[in-house]
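Working notes, structure below.
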């Protein structure tokens, strides 16, 4: 309690001048109405005019009122006519239930009787007849009025106390006790709503009996002359009903029917009936005072009261209760998984919603009362002092409520804080918020188990390792901020699972995942021959987090994030043939962002992969990557993601399989790790917590460099890549884009992919497949093989030396058209796609036209082969072209195909060719749909998932 009051005192201190200024203004208004209260004002008098005649059928029963007053110690005074006239000049004693005179507070018996006879007032508080039959009811009403006045009139010296710098802690304590008592009474009043007399008596008793309120006069001078009952008994009833309804809505144990009724009551009594009640009472007051109550006057009063009531304030409260309800429903699942944080959030929303509902209902009624009384006072000299009095009082009460509201919010937040600390104590010091991430992960695992169990089949791997990054959770962030435990919260947590033969395995003994040190070790493959490592969600960069909570303002705090970063992920593979898709591993860190969220300064996390044995596949991500393929046939793919064109120059490499890959990633959006701020509010307190998460951020262009060792094949990007091979045997796949591929020396396998590519085999026996697009193919020296398929487009082949072959792998030889065009041989398939072999006839024509010409080069392809192994030699082509005057007749091609000797020769040669092409069958293309290197299409972008095996002849 001491800490709580100290916090309240601290919060009040900074508002000292504001409160003092407001209370001074209030005091000036109250002074005009309360001059007669400087001495003897605490005396209460039941005033009965000597000549007053009352109706025993409808009224209170004067005898009961007098008897009750005498028993309660209220002075009963009968005055002569002259005394009545004198009283009328002092704040309209006769015109109001309560009036102020130099002798004290006067309770007017006639006006009390008249008020209780009003139909509309009676509807709000119960029938006048039921309330006033007999001594007990009269005593209840009078004692309630007496106790309320006794409490509020105790506070007459607040200005003086402030000027003397009285104890702030005492002031805060009194304000808190007052507010808590009001709310407690409202909550209890729902059970005693049968009679207004009981309500007002309870309220008065509660206020009077609260510890410290007997001396409230030392602190609350601004309440001098407070005339609660003169504001209208029915208004208090409406206020209690409306606030009670809000509390019922917040009660999780209330029945559905009761909540429905309470919701109706909140909407209609607070926003509707208060307007009617205030307006009705003010009109009654004017009638009693002999003032006009015509339609225009009534409309003015009603409209003024309506403007003072804001349904939007109650809509915000309803949102809190709705949020609490949704949180409770959401929490059920995670509670079963060992985490109750969402229920704690719901508890907070219910608690603060109840406080908001109570305070808002009180303030709404006060605003309506002040507005209505001011409207009624227009043009009335008699009522003007009352309007001033009411305005001052409502302002003081609203100020006290707002100050106390923050303290009550903090009380609810403290309970949440204590429950979290107690849980951690009872669970061996485990982090409560980390436990929340564990529960979120388990729920996600349950939801996706069917999909995960099918991954072995879908990815064609005996073992699947699934790594899941649980990222920042807003509910966990809210709870950390509300409980002031933001220093303990994490940005997220990474988890690993293993699946074999459709079964979920415990991965802790199979895989080492250490996010703090940057280690991913999947080398313990057991009996599994193939495995696929799948990063289901973007994996944050490695390192450890530390947080520090700092106060930046009166109610403002920020929990700063400090990261001890590790500069790389180290991945270790074993003997299995493994596939790693690293495109979901975050490597780019946005250190600085501009106001639009664009990354202006970055840091990079490297990936170092040691693959070991097996035929491995690695899909490279957005940052620097070092790969040691080890043993086996290893491929490095750049075909997923949009991470810039490749430039590879291996002409100076001294080891086979070693490459330096340079990339320039143009400006655009890419996956980055960035730091953001989560904000949680506890009333006026604002808690900001920094956290890191992954996001596609716009960035400027950047360069990155990869180092590859012991890699057998490289698959390019969708951009215009440049490949320059080594003196060893290289395997390049251009992928999409207009690629330039130079095999250099060695027996190379070169595949263009989509796009109009330029491919040069260089020296050596090369395998060249242009792929789709109009490609320029050059074999260079050596015995080269070219491949063309239907749909590949129009290719141009230049060949010089060696025993070369051209395979139409899906066309029958007899379905092709051979013709001479200028110096070139043009072969057309059934799709009218052409393969032009440049300068096929040039040397022969030179020999015909130039005397003694000696051929210096051979631009012909020695064998052209159909899909079934049938073939035609360059010599046969020359003979048949000449025989057909520049074109081979269809019948001649048929003869070639049907010739037994040629077929026999074709079968023998076909076996050799098949072996050669088969050796290239590991080629992959991001666009060839014939042989799919499986990827979980439900987890990946479909446009990136069709990574293909080689296209065999």
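Using the three backbone atoms N, Cα and C, a Cβ is placed for every residue, glycine included.
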Range among 230-250, 251-271, 272-292 that Swiss-Prot annotates as transmembrane segment: 230-250
Range among 192-212, 318-338, 381-401 that Swiss-Prot annotates as transmembrane segment: 381-401
Distant-in-sequence neighbours of the repeat 'Hemolysin-type calcium-binding 2' (733-750), which means Cβ under 8 A and at least six residues beyond its ends: 638-639, 645, 650-651, 713-727, 756-769, 771, 780, 782, 920, 923-927
Number of helical, extended and coil residues in the repeat 'Hemolysin-type calcium-binding 5' (789-806), per DSSP: 0 helix, 6 strand, 12 coil
Residues of the repeat 'Hemolysin-type calcium-binding 3' (751-768) by DSSP state, where helix covers H, G and I: 0 helix, 6 strand, 12 coil
